[in-house]
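Accompanying notes for the structure given below.
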Amino acid sequence: MSTVAAASCDAKGAGEPGAEKKPLKPCCACPETKKARDACIIEKGEENCGHLIEAHKECMRALGFKI
């Protein structure tokens with residue numbers, strides 16, 4: 001997984017006069033937990049990162065995503 005996609009998203013939409021509030025895309029949600037999860041998986045393997053995977057899922061659920 002790449003964090004490049006998350007970095008290229010405009011999650012705030014501020015500074016755009018008259019712009020409608022667009023729904024948050026899954027790729028842009030919870031960048032902190034996503035970055036930590038991805039780094040752990042790359043360095044240690046998925047089987048050793050369950051706590052970070054669950055933290056990211058909880059963050060996504062808190063934002064209304066059904067995971």
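Every residue, even glycine, has its Cβ placed from backbone N, Cα and C.
According to TrEMBL:
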- Cys27, Cys28: Cu cation binding site (BINDING)
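Of all Cβ atoms in the protein chains displayed, 16 besides its own lie within 10 Å of the Cβ of Cys28 (Cu cation binding site). Cys27 (Cu cation binding site) has a Cβ environment of 14 other Cβ atoms inside 10 Å.
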